[in-house]
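Novice: Before I ask anything, here is the structure I am working with.
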Amino acid sequence: MHFIKLNNLLVIALVSTSLLSSYAYPGFNFGWGGRNHGSRGGISYGLSPQFYQFSCPQANDIVMSVLEKAMAKNMRIAASLLRLHFHDCFVQGCDASILLDDSPAIVSEKNSGPNKNSIRGFEVIDEIKAKLEEACPQTVSCADILALAARGSTILSGGPNWELPLGRRDSRTASLIGSNNNIPPPNATIQNLITFFKRQGLDEVDLVALSGAHTIGVARCATFKQRLYNQNGKNEADVSIERTFYFGLKTMCPRSGGDNNISPLDFGSPRMFDNTYFKFILQGRGLLNSDQVLLSGGVIKTQELVKKYAQDEAFFFQQFAMSMIKLGNLRPITGFNGQVRKNCRRVN
């Protein structure tokens, strides 16, 4: 309850503090408490699925409209946008640092080893941002756009939906070193993968579930060539590769050259978000080393999860959604920190 003096009359205003805040600061729907929240001056600002309820209620519809058109032109874009969100969150948290271009003050993450010549989808993010700026100027952050685009890409590919916490702000910095050091490489061992994920507060369940995003998309020959020709430094193939699959890969990924040739990560249904990826791993047909070691790496927990997800698609979908929420909650910038960029490629 608030007492407001208007024209020397005392008026009792039955307005909640949170509602006042939403209108006073468009885009700020303050949440209290909870994990992974930011703080300033003793006040906590949490992420909330209702964050844009008043300031930009049409935000998700705009994102989905752009995604539908982009995917109709190029089905690969769904996997690219999922990867973009992942590669963003693993560096400085989910702060859209990956979207920043080189400038006098910024060394772009786009030039890191994991990203150079392979990270894609920036033009789609640009289009989404432009339409959101028309509808709700300086309201929806680029970091939230990445999270919304990742969820939308999953849904439009036949995968699960989830209630997405929103309210991230955009960073004013990028980290080329962080991008080089924190994103798991495709030739990682199972212990490497577990270590990379644990650094982010993610466990083995998150590792296997999020790896399931490889049910859509493709990989370059350069990312799995080692498995075909020199897995252990002895000019030999990875023994865990199923033989028919191995010979098929050799035809499109020769020992010399062809590094940019692409192969689906899931040969069975490369455009559908399903659990076929895990079924292929059980057959020795995981494309990347980081895929197959989920089963062949000798870690019982990840082996069991691969088998469960291969048997039960609904269970995989449920866990993928939970792990995507957990991923999206990595060290967000919230409250009055950071900024909402007008252009996702540069700071305001």
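Cβ from N, Cα, C; glycine included.
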Novice: Just confirming the record: what cysteine out of Cys56, Cys89, Cys94, Cys221 does TrEMBL connect to Cys136 via a disulfide?
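Specialist: TrEMBL lists the disulfide between Cys136 and Cys56.
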Novice: Consult TrEMBL and report which candidate among Cys253, Cys344 shares a disulfide bond with Cys142.
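Specialist: According to TrEMBL, the disulfide partner of Cys142 among Cys253, Cys344 is Cys344.
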Novice: Which of the recorded positions Cys253, Asp266, Cys344 has its Cα closest in space to the Cα of Cys94 (disulfide bond)?
Specialist: Cys344
Novice: Spatial neighbours of His214 (heme b binding site) among the recorded positions Cys89, Asp95, Cys136, Asp266, defined as Cα within 10 A: which are they?
Specialist: Asp266
Novice: Going by C-alpha positions, which of the recorded positions (Pro184, Cys221, Cys253, Asp266) is nearest Asp88 (Ca(2+) 1 binding site)?
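Specialist: Closest by Cα distance to Asp88 (Ca(2+) 1 binding site) among the recorded positions Pro184, Cys221, Cys253, Asp266: Pro184.
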Novice: Same chain, not part of Thr215, Asp266, Asp274: whose C-beta falls within 8 angstroms of the C-beta centre of the Ca(2+) 2 site? Give them in sequence order.
Specialist: Gly212, His214, Ile216, Gly268, Ser269, Pro270, Met272, Phe273, Asn275, Thr276, Tyr277
Novice: Under 8 Å Cβ-Cβ from Asp95 (Ca(2+) 1 binding site), six or more apart in the same chain: what's there?
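Specialist: Result: Asp88, Ala143, Arg168, Arg169, Asp170, Ser171, Arg331, Pro332, Ile333, Gly338.
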Novice: Looking at the recorded positions listed here (His87, Val91, Pro184, Asp266, Asp274), whose Cα lies nearest to that of Cys221 (disulfide bond)?
Specialist: Asp266
